[in-house]
Amino acid sequence: MRASYLFTSESVSEGHPDKVCDRISDEIVDLFFREGPKAGIDPWAIRAACETLATTNKVVIAGETRGPASVTNEHIEHVVREAIKDIGYEQDGFHWKTADIEILLHPQSADIAQGVDALQPGTNQEEGAGDQGIMFGYATNETPDLMPAPIFYAHKILRLISEARHSGKEKVLGPDSKSQVTIQYENGKPVGVREIVVSHQHLVEDMTSNQVRERVEPYVREALPEGWITDKTIWHINPTGKFFIGGPDGDTGLTGRKIIVDTYGGAAPHGGGAFSGKDPTKVDRSAAYASRYLAKNIVAAGLADRCTLQLAYAIGVARPLSIYIDTHGTGKVTEDKLEKAVAEAMDLTPRGIRKHLDLNKPIYARTSSYGHFGRTPDAEGGFSWEKTDLAEALKRAI
């Protein structure tokens, strides 16, 4: 490992155009999981693959679903408008009341369903993966949430500003924003911040970059550890000078375009599959959550300081094709022992993952901004993959 280096990660807010689309797609997944049980539909039977495009006062939703007939286009449109309202868009070019919403959802392909659905009771075949693919999980002990420091603090900056905006404290700031932090590492540990970038939409057209900095700098300083910002830290606040037109009115958004922001900020590999808009039969989502869960529990158990874990699946096949672990020279036991231990400690079939992490719930909209990982598990079952309740089982399996 290099003794000294810089590493940079970025985050975007819930008002970023792509994140607006992620939020809408996940709200629709949640809608099916909320309404299914009311209509007597088994949550295990719910299917959703929902993509969203947002541009100037226009939202297009397309995809495949299976769920209750009670989920009508009118129901979906209401949920979409409420999501846009909650984010904070009431601009001429993108307004929750006036945006044209086009819904193009249709039933899931029977060819896909036949490989994904569990067969009738009494058969010896299991529910298969919803697609082929590779998924990665990662954990490191460099932050309390076992996340890489650059993405951890990039998210934290924007979360603090968002909370202030929603509280009414920062009424002049709009929903759309981005952050980026360049962290200085010494001996593999984060020790300071070299560069800070915040681009934030403002609702008063003639605000200057300096005026925006006066608003956002306190939250940046609150987010970062004491002593990390020095007189050598370089600030870039609204470096283009103006950010009045924001959100989908300024830049078209699509679901699934912020996969590095959603995960580890580039500090770990990514299998390429996006999360939002997908029910948990899609291993792009559920197996990525399981990979993070396992990597985090390995680090939490003290079995490694860093851990990268890969799972691989084939469509219609239940068991993972491979399990790969790399502890980057920090492991207290060999990687092959860890690979055997995780296979013993958790059922890694799609059904096993959904059951272990309790994923058949309306818990997805909350994941759509500020990262799917490094979050706090909540009482409703959200972020269950961030628990460290498997650490003891892994120790026993070694």
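Glycine is no exception: its Cβ is also placed from the backbone N, Cα and C atoms.
Because the structure is a prediction, the values reported are computed rather than measured.
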Correct range for region 'Flexible loop' (source Swiss-Prot, candidates 97-107, 108-118, 196-206): 108-118
For the ATP site that Swiss-Prot describes with H16, D176, S177, K178, K242, F243, R257, K258, A274, K278, which of these is also annotated: D231, D251? D251
For D18 (Mg(2+) binding site), find which of the binding-site residues E51, E64, D251, K258, K278, K282 come within 10 Å, Cα to Cα. D251, K258
Candidates E51, E64, K282 (binding-site residues) - the one closest to K242 (ATP binding site) by CA: E51
Consider each pair of residues in H16, D176, S177, K178, K242, F243, D251, R257, K258, A274, K278, all listed by the record as binding ATP, and report the largest Cα separation in Å as a whole number. 36
Could you tell me the mean pLDDT the prediction assigns to the region 'Flexible loop' (108-118)? 61
